[in-house]
There are 2 protein chains.
Amino acid sequence: MEVTSGSRDKTGFFTQGRWWFKALPVKLKANMVDMARSLRKLGQEDPRRVVHSLKVGLALTLVSTIFYYLPLYKNFDPNAIWIVMTVVLVFEFSVGATLGKGFNRGIATLLAGGLAVGAHHLTKHLGRVGEPMLLGLLVFLQASISTFLRFFPKIKASYDYGMLIFIMTFSFISVSAFRYDEIFELAQERLWTVSIGGAACVIVSILVFPVWASEDLHNLIALNIEKLGNSLEGFGDKYFKRTGGEGCKDDKEFLEGYKSVLDSKTSEESLANFAAWEPGHGRFPFRHPWKLYLKVGTLARECACRIEALNGYLNADMQESSEVGSIIQEACTNMSIESGKALKELALAIKIMVQPSSAHSHIENAKSAAKNLKSLLKSGIWKDIDLLKVITEVTVASILIDVVTCTEKIAESIHELASTAQFKRAEPTLSPEKLNSGQMQCVKSSQILNCPHVVINVCE
Amino acid sequence: MEVTSGSRDKTGFFTQGRWWFKALPVKLKANMVDMARSLRKLGQEDPRRVVHSLKVGLALTLVSTIFYYLPLYKNFDPNAIWIVMTVVLVFEFSVGATLGKGFNRGIATLLAGGLAVGAHHLTKHLGRVGEPMLLGLLVFLQASISTFLRFFPKIKASYDYGMLIFIMTFSFISVSAFRYDEIFELAQERLWTVSIGGAACVIVSILVFPVWASEDLHNLIALNIEKLGNSLEGFGDKYFKRTGGEGCKDDKEFLEGYKSVLDSKTSEESLANFAAWEPGHGRFPFRHPWKLYLKVGTLARECACRIEALNGYLNADMQESSEVGSIIQEACTNMSIESGKALKELALAIKIMVQPSSAHSHIENAKSAAKNLKSLLKSGIWKDIDLLKVITEVTVASILIDVVTCTEKIAESIHELASTAQFKRAEPTLSPEKLNSGQMQCVKSSQILNCPHVVINVCE
């Protein structure tokens, strides 16, 4: 009995094994196809990724070739490889990140090298017992202190990599002092190689299809504000089951857009940090007010929170609307859609860097809708009403009033940004002569934001 | 006239200069005191930071000393310094992060070294023109492909450092092949040094006051849920101007606690990522369900968003409360405080790893308060009412009903976590005999969470 069961098990095992082997090529093929698809998607989402990868390959190959063909001087030999390492470690996606890392690496190498050479000169007369003990103590002290300093939020944000390189270079040169006497040359060599590698990164990063963190932060903030606008417009359409409204149609995507806004704090902060390292370029002068972008971002997240709360009522069982309910709904639709439009105008104004004057009228509309609603609530239409039937509407209305306030705050912060960063003044209307004379090139917003019904004319 | 003004300017300049010099020591002293204060605060907030810094110093000094006293074998010399570098780069705050980085560095070095040696064997017969060209091409290809792969979210989360080391080691060894013939020894040496350095980090990290990312994630989630609970309790107290309530008193801190919950996504994700690297230890076996913690975290953020929306009404001008208003307020207070208590019980249950049975009654209370409120809204008390006067109350009530639903969802997810991770079953009541017999050691919650009025007994 046991034997039979065992042999049956065995047969089963082999059959399964055969199946598995037969299925293997199919599975492998499916996996490969999946992988190729995600790779293509990754590249299509942001083609700069492909360019960046090629740039890193290029910089590394250039440096390697230099290493092969140009032996600078004899002593340079074994450690010249540090150039290659520096390129791998310093080359980042954006110019700002590359500059920040390069600066950190350079300054930290200089300081740590200098200190380590100093420490060597202090200790070299102490003999074979005293020297390693004192050097060991120094290594311990600097590593402990520098590691602790890395916990400082400000240092962590901008100089973390520098602290790491500081610890590494100091230890490296001090410890090398145990073995080699030409420690000054070693420190010098390290500084040279790091400088050459860092310079190669910075040059390739800036000259070959540069990716600016400043541009990314600017676009991210504009996109987030736009997403909030789309969500509000979509909400106005969907919640009140309006059909044929002017809102953008792709509901799901628009409605959920605000969720990514909630999670964008980290990327905004790191982009602002990188942007601060970047030199003035294109539309962004040096000392562009990056901190104001973060302020707008914070307010955008507060607004996104309100939209998240609103979203909870989107799927609530809608009661049969009473007459009163539909009056509230009308006001809500107006508030929602007008705030949405205002946010989208603001987003566009950031994107093309003009004063956000056109948003003003939408905010006023939203505010007057809120005011109407309030006076409506005060009026006598509420007698003999089942409040439970309109509680959803009342709550939505109340949160929307809050959203209008949020929108106003966002508008204020964007105004502050626009005036500090000296955005251009958009002409409210264009005279036909100017249009015909061809002196101005007008940009259709639909080319910039992908929502076809917001069109304002902007003059460059 | 001009001369006078010039000399006056000069005098002014010198006076100012003297002032500045006089003020310098005072300013410097103030800065130093400030710095010392922030350093002390940094250490007091989390004393493990001090311990970690000392550990890094210790590991580095140990490795340096070994480098000095134990010349393993002759060839080892110049590159043994890589041990020191590995220690600096791999030693992270938590065991999981250190293990992850060590594993990444080890495997990447092994793979890249193997491939580079293979590439060298392929190309070494091609002569002084062909070899560097083909090697350069290979360096270009691997650097570009690996850099592109780093954009994959999954790879970025867990293997980013490995990819970097892969690019670096492959380039390093390939490029060295231009100059040296003993490339196999070079690759071997690199692998050895990285292994020794990595092992030193892992050993010190695990054996000397280990900091477990798993523990941190566990505590962070518990703390966040607790903060939500405190905010809700505080809201119940403050909004309805209750005095002498049982809620925790330090209003401002408790009310604002939820804000940090909103921003904790990144830390949760990276902690979960590190925790997955950690071996089983203490209360956390290998394959503890870390992903469920992230689920709880996501729901907590959704709840925090509702509380943020609620908070907008905290400072709204409170109208003179009508009778009806105070009836709603009563129900709101109950919902808020009961949800808050439920969340705090849930937090405690996570913290001490017991089944969260005691939260059930609070959730039921909150739900029945919500139900009461709904029936209240349906009743006839609303005739002749100025809705504008109670709109804030109605909105708060409605959002609170949503918060109760959120709390229930959080409770469900924590139940799922508790049963998957096999938390202990807490005995609902303790018989006096058991208490007196001393068979059980009961933990007062106040020792764990810092809110004195939640006390449940947990038996170990």
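Going from the start of the chain as shown, residues are counted 1 onward.
A Cβ is built for glycine as well, from the same backbone N, Cα and C atoms used for every other residue.
Marked as transmembrane segment by TrEMBL: B:50-69 (among others). Within the chain, the transmembrane segment (B:50-69) has long-range Cβ neighbours (under 8 A, six or more residues past its boundaries) at 43, 80-81, 83-84, 87-88, 91, 93, 197, 200-201, 204-205, 208-209, 211.
The annotation transmembrane segment is assigned in TrEMBL to B:81-99 (among others). Remote same-chain residues near the transmembrane segment (B:81-99) are listed as 48-49, 52, 55-56, 59-60, 63-64, 66-67, 105, 189-190, 193-194, 196-198, 200-202, 204-206, 210-214, 216, 271, 273-278 (criterion: CB distance under 8 Å, separation of at least six residues from the stretch ends).
Positions annotated as transmembrane segment by TrEMBL: B:134-152 (among others). Here the transmembrane segment (B:134-152) has long-range neighbours at 115, 119-120, 122-123, 126, 160, 163-164, 166-167, 170-171, 174-175, 177-178, meaning same-chain residues at least 6 beyond its ends whose C-beta is under 8 angstroms from one of its own.
The transmembrane segment annotation in TrEMBL covers B:159-180 (among others).
Within the chain, the transmembrane segment (B:192-213) has long-range Cβ neighbours (under 8 A, six or more residues past its boundaries) at 48, 51-52, 55, 58-59, 62-63, 79-80, 82-87, 90-99, 102, 105-106, 109, 271, 274-275, 277-278, 281-282, 284. What TrEMBL records for B:192-213 (among others) is transmembrane segment.
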